[in-house]
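Annotation source TrEMBL lists domain 'Acyl-CoA dehydrogenase/oxidase N-terminal' at A:42-159. Taken from TrEMBL, the feature domain 'Acyl-CoA oxidase/dehydrogenase middle' covers A:164-273. Under the heading domain 'Acyl-CoA dehydrogenase/oxidase C-terminal', TrEMBL lists A:289-441. The domain 'Acetyl-CoA dehydrogenase-like C-terminal' annotation in TrEMBL covers A:457-572.
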């Protein structure tokens, strides 16, 4: 029975992506040879082994039992604390932390693989690691030496975990409405008071302390988002010698009863005269938080990929074993994986997963290259909302497809397909809803530079189309034709958006435009894979499947660009 | 807080559909004036009041508490038995039962409204009513006078409820694999033995007896589906005088732990030498079951519409009350319903709901007319898989959109948005998965007659396009242009399908083809509404919203036909 489908880390895909899908060893190219694709594959394989053995087996119990709030303390199911300690001891927390913060500073392209694997194995658990990673980025960017010494080092070592405290009951997507106050005390610390909601891993029993990063408003600060400052408010205060002191005045008032990620405690935290320490500049809170949010948004692309692949693995395993439809030569029936429509669904899932995975690696690579070449940064930043928005929306489709493959058994909780569907539903909401991503996309990334960055993307896709045609393979040329027509449609949609300019017309079709660029980018990733496969002197084992996935994606998913382009051109209909 | 969003029955829409959307009083036309649209609206209003007052308030508790199996008996949450009795006493069970079975024989077009309303108010509860309705149809079509007298009358009165027993662990979509046996006894009854799974409302405590309709195989029967016969096997045996006797040998072994519809007990039933009575001809079981399945499949269209509308109502209510984004003239923020992207999502939902609702009424009307004019039957039957498949897939999108409008609160169970999303996930699975529907569509409804019925549908849409143009309204003409281009795409896709002929190519794109026809039909429904609105001498209150919904649907949903047509033309990619 499929409940026992083991998690298989997608090592071959990462090897292909690091080594050849983009026409070169991207890891070596971005690191100047300091680290190579072969090193990356070894790291990914190690992470995959750890995830499959330690994290994946806790995923179902995490869902069934979930995090519990008892006497003001949050408890995770048995095994979570041990798994977290094992993660720390294996060095996986410090692996992706920047070198400037004392971490190993692994390239972002490798971070994409790690992020996918932790999330694929156990999405609720992975969130703990992801939130710490975000807090590390924010403190590394802005914290004083004292705060770095006291808090950042403990986050990087994994001894403590981190959280982001943004949302309040009346301040969701609109951070300007935040009311939590931070009042300066004579000793230089701040007194923090207010209620924060939706705090992921806001309390738990898997590590000895929690470093809350809190957005709050100081007395007399400007209205709106520009008046916000960022503070560290640890769950337990830290003595001068670094040892833990008394509890800070922050209480876990409730944890949410959610449709999914039951083992990720989503807390309501109440701060009442809690002690906080200013991070960075006064009223510079939003800038500090944006550092954290960008890393978290890219991380959501890894999460969406991971949960989608997990759903695919379960469905493929079930479909291979489930016999239905007896035929002459097989009286017991054929595996449903061979039935045309199940085959369609599985191919739809696998081709989406590859597109997401490849785009996440590409975005990681862009950030890696941008570290040495500022000119790459706009393209990297263009992709942040696309990666977050598109993969998270597609994860809903993929995990739903996963249920469909199981048929009636998919609606029953025991198979696990339902859990992936429930878990995935949060991804298009947190770290900025798809609408928030799409507003960022059209406002800051497309309209602001008059479409020049997105135009450069289209030009890159044109090059790939030409390379496809040059292979002269029948499938490659068919894909090239489809890709060329969709790039045309994307250009028309972009022209329509630029003609609208900022305002309601552009905003009202910003999500369709984001989905258009994501879908197109996914098709581009497949096209790059086909070009790479065509260069093989001898066909590799996975080549046929890569061609079929690419062909399928271009006929079933990429075709949606035509519909989305029509929608974008319509503007607001109200 | 939106948890308390009351259910509001969509009476104005039904009035519009019955009276004018199709250019005439369809109720009067189909019934030869025996009953009119005004009567229909009164019936819908009565049902809506009952549903809002009695059924909707139980929906959340039904989800939270769910059906429980204790000592072999299934118990529903408090209030369910009383609600069922109230439904019976108000005459709502017999209302839609055929006159031949002793029911009121309300037209199917009115049944569409009732079906939507019961499901919109409480989907888990409505399933009890739906399964009984299916059993009534099956017995009315084939049962002997004795079985009619003993069982059918009690089903029509609502005193007992009915179930369908098809699925077995190794026989899901493939009914030919059914192993349950029915061995003739000397007294003319049969001994039924075997295990049936996924039996909706297979046991409960809301009525005094349950009439199980069971597909089983008699000794020496042909292999496969052609060897199946249909039996009545009541939960409690019935004495000669009609009183209840001893329990039949059917046990509830388990109920499923499902992602949704928690108050609909999904039972594993074990028959061990249970007493059964043959319904209709020996080996004629599948034909008998098909009667039940057709009615159940149409009913799924009502269910998908109901849950979608419920999700829309919750989201619209929440969005109207949730303030975010303070602006100069409104420092507290504007309702998120006015934000461009939330507005887009709400419009996407409302325009889908209308399209589903109108199509369900149209299909009901086709069946009503087919009763007097056999020539209408092929068109009615063409629409059965489209209605079931398309509305159930779209219900996933609409209920997911509902969560998105709530943002983080949508992921939390308290608001109810998550329940609709969980409940809806079963609709594309039961009563035949979307793949089963699409195989029926392409095999029996499109390829078999060489595309002539679907061609007649396209011709009807052409007429509506011409009528739209004739109104000379700017929105109407815009919609006509979009509709005309999508009908062209649909014709091309149909030509491609006919060129494939039966086989893997057609099967592999049958779901995209079904979605194409459903999406197109939805656009046609909106187009008919625009034509009807254009005929108003004075604008009615809802006219502007109907135009905007139609405009939106044609730009956002109908446009997908272009993508789907490309996909269909690609055939199998394997």
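Heads up, the Cβ atoms here are built off N, Cα and C, so glycines get one too.
Here the domain 'Acyl-CoA dehydrogenase/oxidase N-terminal' (A:42-159) is broken down by DSSP into helix, strand and coil counts: 88 helix, 6 strand, 24 coil. In the predicted model, residues of the domain 'Acyl-CoA dehydrogenase/oxidase C-terminal' (A:289-441) average a pLDDT of 94. DSSP labels the residues of the domain 'Acetyl-CoA dehydrogenase-like C-terminal' (A:457-572) in these numbers: 98 helix, 0 strand, 18 coil. Helix, strand and coil counts from DSSP across the domain 'Acyl-CoA oxidase/dehydrogenase middle' (A:164-273) read 7 helix, 56 strand, 47 coil.
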